[in-house]
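Single-structure report; data block below.
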Amino acid sequence: MARVISSGLEKAQKALNGGSSGSGKKIDQLASVTKDVHDDSHRITSDFGTKQTNTDDWLRVATEDKIGPSLLEDAFGREKIHRFDHERIPERVVHARGAGAFGTFRLHESAEDVTSAGILTDTSRETPLFTRFSTVLGSRGSADTVRDVRGFAVKFYTDEGNWDLVGNDIPVFFIQDAMKFPDVVHAAKPEPHNEVPQAQSAHNNFWDFSYLHPESTHMLMWTQSDRGIPRSYRMMQGFGVNTYTLINKNGERSFVKFHFTPDLGVHSFVWDEALKLGGQDPDFHRKDLHEAIDNGSFPKWQFGIQVIPESREDDFEFDILDATKVWPEEEVPIRYIGEMELNRNVDEYFTQTEQAAFCTSHIVPGIGFSDDPLLQGRNFSYFDTQLSRLGINWQELPINKPVCPVMNHNRDGQGRHTITKGTVNYWPNRFSAVKPAKPEEGGYVDFSEKVAGMKVRMRSKKFREHYSQAQLFYNSLSPPEKAHLTGALCFELDHCDDPTVYNRMVERLCDIDLELAQAVAESVRAPIPKKATTPNHGRKAKNLSQLEFMPKVPTIETRRVAIIIADGYDPIAYNGIKAALKAAKALPFTIAPRRTPIYAAGEDKSTGKGVTPDHHLEGMRSTMFDSVFVPGGATSIETLRKNGRALHWVREAFGHLKAIGATGEAVAFVKDACALPGVSFSESSDVVDSYGVVTASKVEASGFKEAIKMGKGAKGFVDAYAFAISQHKNFDREMQGFSKMVAY
């Protein structure tokens, strides 16, 4: 058989080479269009052959002290980003995997002092909207829980036209200039020679790019932190990223950044949990969003603005137009003026979520653009991308169509829906048909701005400082967040097999924090640095750690709780905790060794009733839930003790820092699963909360009340257990090293 296979391969190779003549016709043909990127004689050229001296900076008006607008005449910049926009058909180049929902925007406080935009000044309005969340790197078939930036795009269907706020869950970006979009995405996407890896940045090219672009350092701190693996779309912040402008009725202009802060708080997975979910339930985030809305637990975000008057543009140590910088809240407070709620799932994924198309250039009167060089390029790129994906009439698709009247002299093209009556299709015309709007009629008026400078490819000097805010972010993290960031860097760089890549990145970390650099160096086998390249300034800022965004009132709404039972379970504990969880709008799920009815202690099986589990132990895993509860019942616990998967459920939840609850005989079962010196368990009717493991050996029916009063130090079992769930993770368990002592 081996010889037959070998003979077949030889014949195939001969065919490829043009038969037995050895002329290699096909290979020669391929060679004629093959270029080696490692040939040192090559220089970057345009597609029309002109050598280029700079492909990092868009041609713009700028001075040493101030960056100005980008110029449309830059043929090289337009070619580079135009080619990039058309690389994929028809899937999005980035943000391909997404989930969306409809909702409403309500304004609580008018911002008429800084803008004339109706959506931001009219408190009587309720504006419909569509929000699409997404990962950046992966294809449509990739997993939800990979380490990545998350897109956070909102289309407001306002009375004055569509306003698209196209943001992310991280407030900064990898690059400062839109001309670098093709490079950063090419570097982060699968490597070109083998299309590996999918939907992750743990490879040579991404980290090679990151070192060679110091401007990306701040963003790297965010992506390698817990922000890169959010627990839910509903539990992450949204940011406009770029600097926009607001113009009030007096014609006064301010600079603005937009914020969305979730009512449920900002929460993340731990890394092992995210990795496992990528295989166990790759659709976890989109299902989570759909489940919450279906259950009537509508996600909400507070909408805020940071505003800087035009007169203060140059008052900061950073350039406020630099997308790799945040505006620290100590210097520019967030003013919360409205609320976004998502309250309706889509009816069909393709026609709504997939065909939803956003453009940063879609704004309404009262909102404008700044000279942010990333935004300027995005304004060109996004529209061009939608033409490639959906065709010239993409804005007539129902999901993209404005709710206000639309009329102009644009005509025809593939996919045209509108039928326009009349004999003219141009302006001006003899009938004065479809004339331009006057400002007092709501017509958009561009802000008149004086622009002075040289026409050059450069960035102003404030754009050249890259480490101060990266240090600020790292310094502001809590100890567990710093540990997670260190672990993420160790994981990512361990997947880089080129020593040049991981050695250089350790050098870059010396610009952030020496101890961080040393810890990563030791893990990935890089030379251990002795001295910081850029000393850490030691400053911190508020609201950079996500632990500062816990809900104002503890809540377990939408938290998924697995209740593990077997035949002979304690019905009082089971029914009591299930009722309490439902009353608090949590989502309890019954898990058992099988999916056929499970019978309580003393229940007659001949009745054929019992409890039908939602899932069996092998069909679901602890990763898919926020907490695990095990009620007592001698026979039930005896069965679960013999089931290795049941033990694994508890150990894995413990390792992932989740709240664990147990009553009666189940306390000993949980103790066996995660018995460690320093972790305590109840031996009486007293409730013991030890590192988020809440136990009560004896509990009466009266102890399971539906009216939960959760709080730290609660005496009742239900209250104490619910509070442990509300904290999302027990990081003290991790800081004590307990999570590493249990095999999961």
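Placement of Cβ uses the backbone N, Cα and C atoms for every residue, glycine included.
What you see is a predicted model, and the numbers here were worked out from it, not measured in a lab.
Record features, source TrEMBL:
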ACT_SITE  H95  active site
ACT_SITE  N168  active site
BINDING   Y382  heme binding site
DOMAIN    45-435  domain 'Catalase core'
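Taking Cβ-Cβ distances under 8 Å and a sequence gap of 6 or more within the same chain, the neighbours of Y382 (heme binding site) are V166, F358, C359, T360, S361.
There are 24 other CB atoms within 10 A of the CB of N168 (active site), with all protein chains counted.
H95 (active site) is surrounded by 21 other CB atoms, counting those within 10 A of its CB over all protein chains shown.
Residue pair H95 (active site) / N168 (active site) shows a Cα separation of 10 Å.
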